[in-house]
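Colleague: Handing you this structure, nothing more for now.
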Amino acid sequence: LYGCLCFLLLDSHIICSQPFVTIMFAGSSCTYFTLCSCFIRTDQLDGETDWKLKVAVSCTQRLPALGDLFSISAYVYAQKPQLDIHSFEGTFTREDCDPPVHESLSIENTLWASTIVASGTVIGVVIYTGKETRSVMNTSNPKNKVGLLDLELNHLTKALFVALVALSVVMVTLQGFVGPWYRNLFRFLLLFSYIIPISLRVNLDMGKAAYGWMIMKDESIPGTVVRTSTIPEELGRLVYLLTDKTGTLTQNEMVFKRLHLGTVSYGADTMDEIQTHLRNPYSQVRPPGAQSSAPKVRKSVSIRVHEAVKAIALCHNVTPVYEPRAGVTGEAEYAEADQDFSDGNRTYQAASPDEVALVQWTESVGLTLVSRDLASMQLRTPGGQILTYCILQMFPFTSESKRMGVIVRDESTAEITFYMKGADVAMSSIVQYNDWLEEECGNMAREGLRTLVVAKRALTEEQYQDFESRYSQAKLSIHDRALKVAAVVESLEREMELLCLTGVEDQLQADVRPTLEMLRNAGIKIWMLTGDKLETATCIAKSSHLVSRTQDIHIFRPVTNRGEAHLELNAFRRKHDCALVISGDSLEVCLKYYEHELVELACQCPAVVCCRCSPTQKAHIVKLLQQHTGRRTCAIGDGGNDVSMIQAADCGIGIEGKEGRQASLAADFSITQFKHIGRLLMVHGRSSYKRSAALGQFVMHRGLIISTMQAVFSSVFYFASVPLYQGFLMVGYATLYTMFPVFSLVLDQDVKPEMAMLYPELYKDLTKGRSLSFKTFLVWVVISIYQGGILMYGALLLFESEFVHVVAISFTALILTELLMVALTVRTWHWLMAVAEVLSLGCYVASLAFLNEYFDVAFITTVTFVWKVSAITVVSCLPLYVLKYLKRKLSPPSYSKLTS
């Protein structure tokens with residue numbers, strides 16, 4: 001498909017076989033733009049739900065007919081495939097002209113794979129396909145995830161295997177290596193093979209399936225789906241949570257909240273006053289010429305409100321979009337008769353949701369943007385009058401300048417005005433001196449509002465013509481073009497009149513703040529990885545309380561080389577207990593030269609925000625945390641750009657949201673709202689880990705105790721390699737007689753769900769891994785040796801005549817001991833646990849009638865049998881019950897203090 005021309009209609013999904021298109025021709029079917037632009041949606045690529053404006057190659061727009069595209073002689077030069085989704089460099093050359101036409105290509109002339117044509121139609125040439133596309137290059141291969149608990153159990157199983165071999169060698173050694181000793185060695189290996197818990201994996205997998213079913217049936221987190229049944233215990237061991245911003249923490253819905261004019265401030269409840277000021281006749285506004293010649297007097301509030309609102313309505317890159325009338329289909333170009341230009345059919349599209357919110361607000365107060373193309377825009381006043389403005393120059397927002405501007409000419413008065421808006425750090429040095437801007441910006445930022453400073457400067461015709469000539473000359477420069485253009489624009493940015501300060505709120509998802517607070521109290525460190533701008537990410541970090549109000553924020557300055565990275569890291573090292581905000585470009589440089597130092601410093605921060613991150617960078621950060629800290633990580637996101645991060649994390653959680661289901665389908669767990677992660681971790685993560693730890697150790701205990709009895713039996717009878725129990729007894733012990741009570745441990749819980757949610761601090765103990773460790777394993781080994789020795793020696797001491805009595809007494813006492821040990825291990829009883837205990841005991845008693853081959857039926861019905869079994873069972877279990885009681889009294893666990 002390289003070099004093929006593709007025709008893309010409205011809502012066409014640019015798939016991986018036609019992924020990268022340089023726009024040759026673009027038609028806009030439902031906007032006021034001329035036939036050289038279109039909008040695309042990039043939510044599956046960079047996570048941003050706002051539409052992006054794309055512009056066609058200008059020389060192809062001058063062709064007489066659409067079919068002439070196929071007859072021209074031209075070629076496209078493109079840079080080699082790379083990861084960066086925010087840049088592109090290339091050239092378009094038409095050779096059949098005299099002289100040949102050369103035109104530069106940039107990111108605004110391109111459509112990436114995994115994007116959708118949201119408005120208009122496009123004819124483009126395919127440049128990259130398959131593995132060369134940005135979306136594929138930013139996607140990592142999924143890995144098979146293994147839980148930390150499974151790895152710990154594997155280590156313990158290896159230790160048990162070593163114990164099995166050692167015990168067999170000891171037995172052969174005590175035999176004196178008599179006869180074919182190697183044959184005896186293998187016989188002992190088979191006799192003691194119950195040390196290796198073969199049924200452990202079956203029990204754990206069944207338990208994991210049960211945990212997944214419980215999660216999906218939890219009515220408190222409806223819609224949750226468990227897509228990976230192998231790692232539910234990971235939810236209880238997490239230390240780092242890496243979250244996306246847009247659609248995960250926020251709804252990406254902007255709402256205008258505040259307008260500040262210096263002496264007066266308007267909030268949500270006083271917007272009607274602005275409408276009143278705007279209804280005043282426009283004739284009351286002083287013309288700029290009269291104002292400049294008259295002595296400088298203080299403007300009235302009405303005039304200041306009017307100028308501020310007009311500046312907000314003009315200084316943007318927003319396009320009003322009118323959808324075709326219902327039932328109209330066919331060609332891309334619609335006649336005006338087929339369009340519905342009513343207010344109810346109008347929507348706004350822009351590259352930033354902030355700008356849409358501002359324009360929607362000006363519409364709500366009476367000044368409406370009704371049309372726009374590349375050369376002009378029209379506003380409708382509260383009285384219905386249409387004002388037309390000619391767009392002379394546009395200066396788009398960049399992360400370096402942190403501001404955008406526009407020069408417009410009022411068609412009715414021929415006034416030329418330069419409007420500019422931007423971040424307070426960029427605008428404070430541009431506007432005239434004032435004593436309120438810095439303070440009010442701080443106040444709005446503490447409320448979590450995204451602030452923009454709006455200013456203007458009136459230009460004469462001579463000033464503009466002088467600027468235009470210098471600006472055009474700078475744009476034609478071959479060397480240092482960007483610097484020269486910026487210098488010319490900056491010549492206008494002097495002593496601008498400060499009009500107003502706006503505050504826009506990005507609405508958070510439901511209960512984001514209490515959920516983040518809960519996770520922080522649980523000892524989980526939260527990192528926000530977003531593809532959004534630095535200012536936006538910082539505002540959301542504050543408004544969501546990811547960064548508390550008392551914490552400082554260290555914004556890592558942009559670095560491009562090793563020396564700058566070294567200086568900035570040293571500056572950051574001197575800060576204490578402050579959140580870190582770093583851009584993806586700076587992160588890349590630091591990781592190249594100072595990977596260990598940066599990760600070490602970042603891990604000490606209470607919160608970290610990484611902005612302008614590509615999907616690959618997100619996955620790389622997850623892997624860095626895993627390598628440098630050895631802790632368990634969790635990634636949560638809702639868009640296609642979060643898939644790599646979700647797959648790289650130890651536990652991936654996807655949210656079904658506006659950006660589709662890519663993240664949800666690729667994740668291990670899928671939830672419908674961010675707030676559900678609290679219960680998923682605090683309740684289900686805790687329960688899954690605690691239950692699996694108890695279940696795993698109990699299955700090991702079950703094998704160790706019978707192996708101990710076999711070892712004692714062989715030792716007493718001159719180290720003979722003869723089995724103690726044979727046939728069905730061994731099969732029944734591992735299945736029918738003990739399986740149900742042991743498996744019922746998956747219903748156990750140490751803390752009620754309400755308590756786990758109320759005291760998230762309990763989660764900190766889980767990350768230490770104390771429920772399953774070599775210490776707890778050794779405790780269970782000692783218990784197994786003690787109980788196995790008591791059961792076997794007791795049976796040998798109390799039996800009178802026949803050996804078959806030893807088997808009957810010891811095996812019955814063994815079954816009773818296992819059932820009592822389950823009861824000892826249980827912390828909260830469930831009715832199914834009691835049923836499992838009674839059912840297993842009933843099955844054993846009922847089977848005695850059919851075990852004539854192994855038991856003396858006449859003997860097991862006597863009182864002697866009953867009291868001997870009871871005595872041995874009491875001696876094996878009673879001390880453990882006493883020790884458990886004393887431990888709970890003298891050194892109770894933290895959760896028991898709360899429940900009491």
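Cβ atoms are placed via backbone N, Cα and C, with glycine included.
Automatic, uncurated: that is what TrEMBL annotation is.
Not my notes, these are from TrEMBL:
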ACT_SITE  D244  active site, 4-aspartylphosphate intermediate
BINDING   D244, T246, D638, D642  Mg(2+) binding site
BINDING   D244, K245, T246, E355, F397, K421, R450, T530, G531, D532, R612, K618, N641, D642  ATP binding site
DOMAIN    665-892  domain 'P-type ATPase C-terminal'
TRANSMEM  111-130  transmembrane segment
TRANSMEM  159-179  transmembrane segment
TRANSMEM  185-204  transmembrane segment
TRANSMEM  699-721  transmembrane segment
TRANSMEM  727-747  transmembrane segment
TRANSMEM  777-797  transmembrane segment
TRANSMEM  803-824  transmembrane segment
TRANSMEM  831-851  transmembrane segment
TRANSMEM  857-883  transmembrane segment
Colleague: What is the one among the binding-site residues R450, R612 whose Cβ has the most other Cβ atoms less than or equal to 10 Å away?
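Modeller: Result for the most crowded candidate: R450.
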Colleague: For F397 (ATP binding site), what is the tally of other C-beta atoms lying within 10 angstroms of its C-beta?
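Modeller: Its Cβ has 20 other Cβ atoms within 10 Å.
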Colleague: If you measure from the C-alpha of D642 (Mg(2+) binding site), which of the recorded positions D244, F397, R450, R612 fall inside 10 Å?
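Modeller: Checking Cα-Cα distances against D642 (Mg(2+) binding site), the recorded positions within 10 Å turn out to be D244.
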Colleague: Roughly how many Å lie between the Cα atoms of R450 (ATP binding site) and D638 (Mg(2+) binding site), rounded to a whole value?
Modeller: 23
Colleague: Please report the Cα separation of R612 (ATP binding site) and T246 (Mg(2+) binding site) in Å, rounded to an integer.
Modeller: 12
Colleague: For ATP, with binders D244, K245, T246, E355, F397, K421, R450, T530, G531, D532, R612, K618, N641, D642, what's the maximum Cα separation in whole Å?
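Modeller: For the residues that bind ATP, the greatest Cα distance is 32 Å.
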Colleague: Taking the domain 'P-type ATPase C-terminal' (665-892) alone, what is its mean pLDDT?
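Modeller: Looking only at the domain 'P-type ATPase C-terminal' (665-892), pLDDT averages out to 89.
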Colleague: The transmembrane segment (831-851) vs the transmembrane segment (699-721): three or more C-beta pairs under 8 Å (separation of 6 or more)?
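Modeller: They are not in contact.
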Colleague: Look over the recorded stretches 159-179, 185-204, 727-747, 857-883 and say which has the most C-beta pairs under 8 A to the transmembrane segment (777-797).
Modeller: 857-883
Colleague: Let me know the most crowded of the binding-site residues, choosing from T246, N641 and counting other Cβ atoms within 10 Å.
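Modeller: Result of the Cβ crowding comparison: N641.
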Colleague: Count the Cβ atoms, other than its own, that fall within 10 Å of the Cβ of D638 (Mg(2+) binding site), considering every protein chain shown.
Modeller: 31
Colleague: For the transmembrane segment (699-721), which stretch among 159-179, 185-204, 727-747, 803-824, 857-883 has the most Cβ pairs under 8 A?
Modeller: 185-204
